[in-house]
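Quick notes on the structure that follows.
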Amino acid sequence: MCVCVCVCVCVCVCVCVCVCVCVCVCVFLGSSNICTSRGVRTCKECLSIHPTCAWCSKQSLPTDLNISLQSGCGAEFIESPVSSMTVKEDRPLSDKAQGSTRDITQIQPQRIHLTLRPGDSKRFTVTVRQVADYPVDLYYLMDLSYSMKDDLVSLRSLGNELATAMGQATSNLRMGFGAFVDKTLSPYMYMFPDEAVKNPCLGAAVCRPQFGYKNVLSLTEQVSRFTEEVKNQEVSRNRDAPEGGFDAVLQAVVCKDKIGWRSDASHLLVFTTDANTHTALDGRVAGIVQPSDGQCYVNNENNYDKTTLLDYPSIAMLADKLSENNINLIFAVTDNVMPLYLNYSKLIPGTTVGRLSYDSKNIIQLIQDAYTNIRSKAELEVLGVPDELTLSFNATCLNGEVVPGVRSCLGLKIGDTVSFNVEATLRACPKEKNRTFNIKPMGFKDTLQVTVDYACNCACHDSAQPASPACYGNGTLECGVCLCDAGRLGPHCECTEEDHKPTEADSCSPEPQAPICSGRGDCLCGQCSCHSNNFGKVWGKYCECDDFNCIRSKGQLCSGHGDCVCGFCQCNPDWLGESCNCSTRTDNCMGSIGLLCSGRGHCTCGVCECTQPGAYGATCEKCPTCPDSCTIKKDCVECKHYKRGTLFEKNSCNTICRDDITLVDELVFREKSAVNCTYKDDNCVHHFQYYEDISGKSILYLVKEPECPMGPDILVVMAYVAGSILLLGLAALLIWKLLVTIHDRREYAKFEEERAKAKWEAVRQNHTNIYISLSLSLSLSLSLSCTHTETNTHT
């Protein structure tokens with residue numbers, strides 16, 4: 001702790017008159033004397049140095065500062081206000097609205113009171129819950145230019161279906177309808193020929209005259225009236241391509257009584273168009289120089305009667321008015337202007353963008369998806385916070401894990417409760433003594449009102465003594481210190497600026513041989529008078545402090561994220577480091593798949609450091625060698641839908657998996673960017689589709705029934721086994737019969753062969769015998785013939 005003590009010395013001028021003067025010193029009870037190193041001269045300056053510094057205004061302390069402060073300066077003389085936080089209103093959160101808004105609470109607490117001294121901070125927790133069956137006001141604002149005629153035809157038959165679809169979300173629905181074209185001035189309007197004013201579609205068709213904005217039907221519970229009024233509408237035609245839609249949006253937002261917005265309901269403003277829209281300064285083309293003032297100008301005929309007098313509103317004005325009136329704007333636009341309105345949505349917080357089909361037939365699903373998206377998110381916004389006060393947020397979403405630097409939670413369901421830890425820090429003292437600001441969930445009526453008292457002044461200021469004798473009548477004695485009048489110097493205002501006493505130069509140096517007044521001032525009457533400097537302010541007892549000699553980063557003192565105080569950077573909340581160049585926020589590290597650094601690195605100083613080999617990109621989103629999105633999203637399917645897997649066991653499902661899971665019967669083609677994924681688990685094949693819509697919302701379409709093989713049927717198995725046995729037996733018999741037949745045929749063939757062979761041998765033997773007999777007979781005959789011849793010869 002740091003305490004400023006005052007040593008008082010009394011000097012008797014004469015016998016009856018004594019003058020007491022005090023010198024106050026701010027002392028830090030700790031390892032470093034920060035309270036005395038910053039050139040402190042007054043109680044207010046002491047309090048602004050550090051939250052642990054204190055000022056003692058007692059005028060009769062002993063000069064020995066080693067004497068115990070507790071005995072030397074009573075508590076009644078110590079100026080050291082303490083920061084505090086008090087809850088003033090704390091109603092419990094509601095569970096269900098049941099279609100009514102009576103006593104519904106969606107934020108807790110409702111009112112708190114803070115007391116902050118400079119440099120100090122206090123923390124408080126904000127809890128948010130979206131109750132079920134909350135009333136809804138839906139205002140349909142349609143572009144009725146000629147190109148939207150097909151959309152108007154479709155909407156005429158969709159009123160009842162839209163009411164039925166929204167009835168699934170709330171039992172208390174009101175619907176209204178408004179239309180717009182553009183300002184009724186040239187060059188936005190056809191002025192020639194005269195017939196074109198009454199019939200802008202001259203030569204092509206018959207249509208209604210051009211108009212700016214008209215509230216056709218205020219919010220009503222009678223859905224049939226919505227359908228009737230839409231059926232009575234006709235399209236018009238304007239001359240240039242952009243429309244006057246933002247004129248209509250502004251009037252629909254600020255004319256609460258004309259439209260019928262309820263204070264206790266969710267407000268949906270559906271804006272449908274197929275073209276760009278004019279913004280601020282476009283009215284100069286038509287000679288309109290008066291800017292829009294953000295006021296309601298819908299007359300008794302429900303027409304915007306200053307369409308030709310006021311310029312189009314700016315995007316910043318629209319954002320402020322939408323937030324002020326708790327209205328959620330839904331851009332339902334066609335493909336050709338989708339990128340443009342996505343950029344608008346980045347500039348208008350709480351805005352949703354949906355792709356409108358060419359004839360608006362998908363408008364019901366679009367509104368349902370947008371409303372679901374709005375209700376699945378809780379994001380805090382701050383209204384009216386003073387510049388001297390900085391707020392930092394930590395979100396605690398569904399799994400209880402704290403996400404630093406984030407003020408929103410995604411993937412919520414109706415009835416879920418989330419909390420945000422808010423730290424309020426007072427950087428400097430403003431002129432006013434207190435200030436009130438509001439913290440609210442975006443799109444909610446519920447608000448947390450925060451009142452801050454600035455503990456910047458000391459109580460002893462109220463007992464200041466002007467022209468005090470202690471200051472020789474030349475200054476005000478305040479908290480034990482003389483605040484000299486203009487032209488007077490010295491601890492007791494005893495000198496003038498013209499006085500110069502060289503012998504007192506030693507009192508202007510912190511130590512012998514040191515430069516007088518640190519070389520940045522003059523020693524007058526034993527007191528340093530610091531020189532002015534073009535770079536900034538120089539101050540301190542020895543002119544040792546300034547606000548321009550701190551570490552620079554990227555050409556800025558303290559990186560532009562803090563204040564330079566006596567050579568040291570005092571960082572704003574959400575920033576750390578000697579030069580305040582390290583951000584503690586993590587929202588810039590959030591990847592498109594809902595993971596910090598896409599699950600492939602660490603977020604350091606608001607920048608992703610990719611740790612997985614092969615990963616690169618601002619959020620480590622690119623990694624050719626890493627598991628693909630199917631592998632990552634498979635864990636989310638297992639966790640969020642089947643309640644199992646690694647993420648479920650670690651209770652980190654809702655932090656890592658920000659996707660909405662939609663069950664479908666089968667996967668259909670949605671976009672080229674959609675990825676169809678398949679994985680096998682427990683012998684079942686699961687099919688899902690990962691799709692990121694144009695607004696960046698991640699959706700998983702999961703097939704309800706996985707493909708699982710049927711279990712075995714006992715009767716079928718037994719029949720199969722029995723049949724198999726019979727077939728095998730029959731096959732064995734057939735094979736045996738075949739083998740036997742083959743064998744018999746072979747044996748028979750062999751038998752036939754043997755028999756044929758035996759018969760041939762008998763015939764051959766018979767022929768041989770005949771041959772031999774004939775041969776013998778012939779030989780005998782020849783022999784006899786030869787013998788007879790010889791006989792005759794001899795004869």
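Yeah, the Cβs are placed from backbone N, Cα and C, and that goes for glycine too.
The disulfide bond annotation in TrEMBL covers CYS35-CYS458, CYS46-CYS73, CYS255-CYS296, CYS397-CYS409, CYS456-CYS460, CYS479-CYS517, CYS523-CYS528, CYS545-CYS550, CYS564-CYS569, CYS603-CYS608, CYS605-CYS653, CYS657-CYS684 (among others). Residues or ranges marked as domain 'Integrin beta subunit VWA' in TrEMBL: 42-458. Among the features that TrEMBL reports, domain 'Integrin beta subunit cytoplasmic' is placed at 737-774. TrEMBL lists 1-18 with the feature signal peptide.
Features recorded in TrEMBL, as mapped to the structure shown.
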| residue | record | Cβ contacts under 8 Å, 6 or more apart |
| --- | --- | --- |
| CYS456 | disulfide bond | LYS44, LEU47, SER48, ARG117, PRO118, CYS429 |
| CYS460 | disulfide bond | CYS43, TRP55, SER57, GLU79, GLU478, CYS479, GLY480 |
| CYS528 | disulfide bond | CYS508, ILE516, CYS517, GLY521, ASP522, GLY540, LYS541, TYR542, CYS543 |
| CYS550 | disulfide bond | LEU557, CYS558, CYS564, GLY567, PHE568, CYS569, SER579 |
| CYS608 | disulfide bond | CYS589, LEU596, CYS597, SER598, GLY601, HIS602, GLY617, ALA618, THR619, CYS620 |
C-alpha spacing of CYS545 (disulfide bond) relative to CYS653 (disulfide bond), in angstrom: 52
Cα-to-Cα gap, CYS397 (disulfide bond) vs CYS545 (disulfide bond), nearest whole Å: 45
Alpha-carbon spacing, CYS255 (disulfide bond) to CYS605 (disulfide bond), which is rounded to whole Å: 45
Chain-internal residues, separated by at least six, CB under 8 A from CYS409 (disulfide bond): LYS377, ALA378, GLU379, ALA395, CYS397, LEU398, VAL418
Candidate disulfide-bonded residues CYS35, CYS73, CYS684, pick with smallest Cα gap to CYS545 (disulfide bond): CYS35
Candidate disulfide-bonded residues CYS46, CYS73, CYS657, pick with smallest Cα gap to CYS603 (disulfide bond): CYS657
Which of CYS255, CYS296, CYS458, CYS569, CYS657, the listed disulfide-bonded residues, has fewest other Cβ atoms within 10 Å: CYS296
Rounded distance in angstrom between the Cα atoms of CYS46 (disulfide bond) and CYS35 (disulfide bond): 7
Other CB atoms, at most 10 A from the CB of CYS653 (disulfide bond): 21
CYS603 (disulfide bond) - helix vs strand vs coil (DSSP): strand
Among CYS35, CYS397, CYS545, CYS684 [disulfide-bonded residues], residue with fewest other Cβ within 10 Å: CYS684
Integer Å distance between the CA atoms belonging to CYS657 (disulfide bond) and CYS605 (disulfide bond): 23
Length of the line joining the Cα atoms of CYS458 (disulfide bond) and CYS523 (disulfide bond), in Å: 29
Of the disulfide-bonded residues listed as CYS35, CYS73, CYS296, CYS523, the one whose CA lies nearest the CA of CYS684 (disulfide bond): CYS296
Fewest-neighbour residue among disulfide-bonded residues, criterion Cβ within 10 Å, set CYS46, CYS73, CYS479, CYS564, CYS605: CYS605
By Cα-Cα distance, the member of disulfide-bonded residues CYS35, CYS73, CYS296, CYS657 nearest CYS523 (disulfide bond): CYS35
